[in-house]
Every structure is written in structure tokens, then in C-alpha cells.
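Asks: OK, TrEMBL features for this one:
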type: DOMAIN; residues: 89-216; note: domain 'Palmitoyltransferase DHHC'
type: TRANSMEM; residues: 12-31; note: transmembrane segment
type: TRANSMEM; residues: 43-65; note: transmembrane segment
type: TRANSMEM; residues: 138-159; note: transmembrane segment
type: TRANSMEM; residues: 179-199; note: transmembrane segment
Amino acid sequence: MGRRIHFVVDPQGWCCMGLIIFVWLYNTIFIPKVILFPHYEEGHISVVAILCYYFCSFFCIASLLRASVADPGKLPENPKIPITEREYWELCNKCNMMRPKRSHHCSRCGHCVRRMDHHCPWINNCVGEDNHWLFLQLCFYTQILSSYTLILDFCHYYYFLPLKKENWDVFVFRHELALLRVSAFMGLIILGGISGLFYTQLMGIFTDTTSIEKMSNCCEDTLRPRKPWQQTFSEVFGTRWKILWFIPFRQRQPLRIPYHFANHI
């Protein structure tokens, strides 16, 4: 994967991504201010709970920003096709360019993307071969952050001891109930949506099938050899070191696998 920044000019995508950033910013500001810091000052929780929350929040926004600007696998205008791989390329009937099999033309972005899974308006970018791993990290850390937020909302009212020192002149304490209800509502909506999306993404990797291929029914199990799940995940994340699958601060390096096996449909 190269270091090129991929920026899509799409107002709808900007609005969707702006909404996601607003939800992240809302919870990152108000949850520590209303729950974590006050209970830490009174000794109800340890500093580890605060650090874990900011850790999840930081990894969540890092995955979002990287997935939104990373090149998903855009094909160049004049790709160089090795002689030994020409039979695995085909002509796109929309942009009249040669592309590897399992590529797809994104009408919103206006170009073909290698092993494109789908175009996601929430990151304002396509999800393809080179940024699919970042999209999976985004779904994973969003689930953790949403679950952590819901747990804190619940514990604040039903488990933690009541706060003794509250400054009712401060905005967040005057409107504490409303702020936490909004946080819980957003957490439930996002957790439900992301959990379903994350499940479909995992199933797609297990079966080595993209979302577009599932919708077009062009991939029958009888036409493809079954790969071990470790190999399919390693191909997506660009490394066989499983600990690196959870780190967004790195560059993906495609695994050296036979081209005919990677594009066998």
C-alpha cells in the first residue's frame, strides 16, 4: 500500500463522516467530564478506567481518519500488466480500462478499485484491498468504545456510589441526565449498526468474498478453493503477525502470494 492520500469530493460523505466525528467528540468530552473524572476524584474508580477510555477513543478516531484518507486500491490510468498475469485481467465496461479480476468500478468515486468491498459514506471512501484492514479496525474499536460508554452510563446510576461534590453551576452537572441519555441513545444506535456490519465483514473474510460479490452472486463455493481463515485475514491485514492486526499506525504490505490463487474466480 502506498502513502497516497485519497480524498473523495462528496458532500453526502462529508455529512456522514461529520456526524460520526460529532458523536465521537460528544462522548470523548462529556463522558470523562460527567462520569470518569468526578468518580476518580472521589476514589470510586482508578486511573486505569480513564486511560482505557481515552485509549479506545484515540484508536477509534485514528482508524476513522486513516480509513477515510487511505488509498483503497485505486487503479492507475495505464496499469502495467505482467505477461504472466494478463489472463487474470479484464476490461471495465464503464471506464474502458484494464483491471484485475475481483476489482469493481465505483460510480461515486469514478474509478476502479482492487478487490472493492463497498463504498462507505460514513468514511467518505471506498473499502478496497488497501484500506479494508483499517475499516475493520474502525468497526472493532467503535464497538469497544460504544460498549464502554454504555457500561459507564449504566454504572453511573446503578453501580457507582453517589457523588458527594457536585458543582450545580457547571453546565454538565445541571444537564447531566439529558447529556447521558443522549450518550446512551447514540451508543445503542451505533453499537447495533456497527455490530451487524462487523459481523458481515468477518463472514466475508472467512469466506473470502466481498460484499459486492455476495450481492451479485458471482462467487460460488464450488468455484473457489477454501482458504484457512488465518490466511484470508493475513491477506487483508498485510501481515501474519496477529498483534499487528489491531494497530492502525503502520503501513500495510501486501503478502506475496500467487496471483492466480489470490484472484481465482
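Numbering starts at 1 and runs along the chain as displayed.
Heads up, the Cβ atoms here are built off N, Cα and C, so glycines get one too.
As the structure is a computational prediction, the values presented were derived from the model and not from experiment.
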Asks: Which residues, given as numbers and ranges, are at least 6 beyond the ends of the transmembrane segment (179-199) yet have a Cβ under 8 Å from it?
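Replies: For the transmembrane segment (179-199), the list is 23, 26-27, 30-31, 34-35, 136, 139-140, 142-143, 146-147, 149-150, 153, 156-157, 172.
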Asks: By DSSP, how many residues in the domain 'Palmitoyltransferase DHHC' (89-216) are helix, how many strand, and how many coil?
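Replies: Going through the domain 'Palmitoyltransferase DHHC' (89-216) residue by residue, I get 68 helix, 18 strand, 42 coil.
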